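Listed in TrEMBL for this protein:
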- C260: active site, nucleophile (ACT_SITE)
- D30, R35, T86, T121, E155, K263, R327: NAD(+) binding site (BINDING)
- F152, L153, R154, E155, K204, F249, L250, S251, A252, G253, G257, K320: substrate binding site (BINDING)
- 313-414: domain 'UDP-glucose/GDP-mannose dehydrogenase C-terminal' (DOMAIN)
Amino acid sequence: MKICVIGAGHVGLVTSACFAQLGHSVINVDNDKIRIRNLMKGSMPFFEPGLERLVKENRKNGRLGFSASVVDGVKKCGLIFICVGTPPREDGEADLSSVEKVVRKIARSLSGYKTIVEKSTVPVNTWKWIKHTVGLYSGQGADFDVAVNPEFLREGSAVRDFLKPDRIVIGVENERARKIILEAYRKIKCPKIITNLPTAEMIKHASNSFLATKISYINSVANLCEKVGADVQSVAQGMGYDPRIGKAFLSAGAGYGGFCFPKDLAAFIYIAEKNGYDFAILKAVQKVNEEQKRAVARKVKEALWVLKDKVIGVLGLSFKPDTDDMRLAPSIDIIKALQSDGARIKAFDPAAMANAKKLLRGVRFCKNAYSAAEGCDCVLVLTEWDEFRDLDLGKLKRLMKIPVIIDGRNIFKPEQMKKLGFVYKGIGR
Ligand code: UDX
């Protein structure tokens, strides 16, 4: 099939490379000409395991092309995926101006039948606006269908998530669009949920918000565990064996971040409000997450008493491991809180330092975990990168001024840390 993917961000580029990998002929369009030029030269705009190889391979075999022109992509392809960003406004409402602009461009480039698929995470019933706008700008008699196909991929495992998904959700109005989208995903074996368009949009909102709820829930349980002498990891394990609860997304820590959960939650709350419903549970989820970041900063303070001129070595800056993404990473708020109390920050992250440098001021970025820990009054773990689990802890201790570790992601074992002579505090245990 000939597929045009509009947007070369995380979702768009992964979608493009993976559809090419499935054997389709793909044009990935983005209005950022520099990004497109770099992609044509083989340089990736962000780090995502396995993606660079897929892009190179499919560039070579001619199945993946890049373009800065929507017209170009739409003219050549029958199936069009919209994967542009929907950033949050101040009040939480999603900013749909990029989607609207792209839709107008698609409308003006229509020639012959097209299936236009909304893949960006958007407020429920955005499909109606897409349909209306395409009709408005393409003139009478244009032949097209609008469909919804939300993306559930996670950064860091995006390629695997796309090619081996738990499910594919497809919202359509008719048989024609259903057949075309199913054909695009024919080689992927997984449950395929075919439903109407608003339901498909709601599935995405409801899924992300539920996952964020799980995280804030376990973080709340963790806070209580600390007070009563229980261990949240064992509590989560004990809960997770119940298939109605499940083991995933029950890791207590420094709170969720990234570009999806905070933004999608705010958008869902906003949509609810606009429709006259107070989504109180999600407001509490947000509040718990903000408080969790403050709680981690407080733990450092409790361990060191006065923070002024204390040196804190932060291990991990990205919002989660295996990504260089710093967007809304808990590390930003936590580091700022520590700095505002006068602490001096050294930091190391295996992938996110370049992005972190743009967001954090007054931080000394170090070449590895050991140099970040050297001379520190406290080491603070904020991202659970595997390489931190494998650190030589004896060496780390020798390098530190005093051996205090605040483990914001519970990557170390409390008994082992105590045996090694660390003053150790995790989350919820
Ligand atoms: C998320 C959804 O998982 C994905 O389906 C959707 O398409 C986009 O949003 P992503 O933001 O890439 O994906 O990361 P995810 O792995 O879900 O983690 C989000 C945040 O939650 C991270 O900050 C992570 O550290 C935190 N988290 C996750 C926890 O604190 N505890 C957990 O148990 C799981």
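All residue numbers here begin at 1 and follow the chain in the order shown.
Here the Cβ of each residue, glycine as well, is placed from N, Cα and C on the backbone.
Please treat TrEMBL annotations as automatic predictions, because they have not gone through curation.
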Integer mean pLDDT for the domain 'UDP-glucose/GDP-mannose dehydrogenase C-terminal' (313-414): 97
Recorded positions whose CB lies under 6 angstroms from ligand 1, from T121, F152, K204, G257, C260: F152, G257, C260
Nearest recorded site to T86 (NAD(+) binding site) by CA-CA distance, among recorded positions R154, K204, C260: C260
Shortest C-alpha distance to R154 (substrate binding site) - which of the recorded positions D30, C260, K263: C260
The residue listed as 'active site, nucleophile' and R35 (NAD(+) binding site), distance between Cα atoms, whole Å: 22
Other CB atoms, at most 10 A from the CB of F152 (substrate binding site): 19
Nearest of the binding-site residues (D30, T121, R327) to G257 (substrate binding site), judged by Cα-Cα distance: R327
DSSP-derived helix, strand and coil totals, residue by residue, for the domain 'UDP-glucose/GDP-mannose dehydrogenase C-terminal' (313-414): 35 helix, 19 strand, 48 coil
Distance [Cα-Cα, Å, rounded] between K204 (substrate binding site) and R327 (NAD(+) binding site): 20
Per-residue Cβ crowding (10 Å cut-off), top of recorded positions L250, A252, C260: A252
Inter-residue Cα distance where the pair is D30 (NAD(+) binding site) and F152 (substrate binding site), in Å: 21
Where K263 (NAD(+) binding site) falls in three-state DSSP terms: helix
Neighbour tally for D30 (NAD(+) binding site), based on other Cβ positions within 10 Å of its Cβ: 25
Least buried by Cβ count (within 10 Å) of the binding-site residues T121, K263: K263
Rounded Cα-Cα span from the residue listed as 'active site, nucleophile' to E155 (NAD(+) binding site), Å: 10
